[in-house]
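Enquirer: According to TrEMBL, the protein carries these features:
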type	residues	note
ACT_SITE	CYS46	active site
ACT_SITE	HIS164	active site
ACT_SITE	ASP179	active site
COMPBIAS	10-25	compositional bias 'Low complexity'
DOMAIN	33-215	domain 'Josephin'
REGION	1-32	region 'Disordered'
Amino acid sequence: MERGNRESLSSSPAAAASASSQAQPQPQPQPQGLFLYHERQRLQLCLLHALNNLFQDKDAFTRADLDTIARQLQLHHPPQQKDHKWWILPLPSLVFKPHHNALTGNYDVNVLIAALEGSTHQKKVIWHDRRTPAASIDLAACHLMGIMLNTSVPRLRGFWTSRHWTALRNIRGVWYNLDSDLPAPQPFRHETHLVSFLDNTVAQGGEIFLIFNQD
């Protein structure tokens with residue numbers, strides 16, 4: 001199953017469909033000759049999708065890569081053991097790992113940082129202080145690769161909420177929202193729109209992480 005597709009700059013977002021019934025469109029060449037890689041949401045693998053969308057590369061990371069990182073984090077920083085009643089089954093501890101869900105993904109910020117700051121990619125992840133307006137971010141900084149957001153989103157028609165990873169990136173002078181929940185990448189028409197979007201994200205309980213190149 002193909003994990004992602006490339007969307008033309010001229011593509012317009014349509015109404016979102018359920019992840020299980022989404023068809024993957026083929027790349028449509030445009031005069032500009034520029035295509036955006038965009039992975040769509042599957043299970044709780046939003047961090048995987050966000051990272052590959054950030055790098056614009058379907059092979060930047062795999063689920064096996066992130067699972068390995070999560071296991072290494074657990075090995076080096078094991079959770080404190082708590083006393084359990086005898087009737088509690090061990091299954092939850094086999095599925096809900098400290099840094100991810102073994103069945104569906106759902107990776108935490110520690111996996112994000114380890115993945116980006118590891119020897120393979122050597123990026124720098126900086127958490128943006130939520131007390132500081134987004135206007136303080138230098139969006140034109142030459143070493144700023146992109147932005148990762150962690151937000152709370154409703155699932156199953158609002159019956160429960162989960163944390164969600166989203167990648168934003170400037171591509172040829174235009175910032176794009178590469179959210180895997182969107183049917184296609186969405187451009188921000190002006191930098192002020194991006195700043196307002198970031199401020200609104202924080203106001204709704206989201207977190208901003210700035211991703212910098214180190215070379």
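In case you wondered, yes, glycine gets a Cβ from its N, Cα and C as well.
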Enquirer: On average, what pLDDT score does this prediction assign to the domain 'Josephin' (33-215)?
Expert: 82
Enquirer: Between HIS164 (active site) and CYS46 (active site), how many Å separate their Cα atoms?
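Expert: The separation of the Cα atoms works out to 6 Å.
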Enquirer: Within 10 Å of the Cβ of CYS46 (active site), how many other Cβ atoms are there?
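Expert: I get 27 for this one.
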Enquirer: Please classify the secondary structure at HIS164 (active site) using three-state DSSP.
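Expert: DSSP call for HIS164 (active site): strand.
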Enquirer: So among the active-site residues HIS164, ASP179, who's got the most Cβ atoms within 10 Å?
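Expert: By the 10 Å Cβ neighbour count, ASP179 comes out on top.
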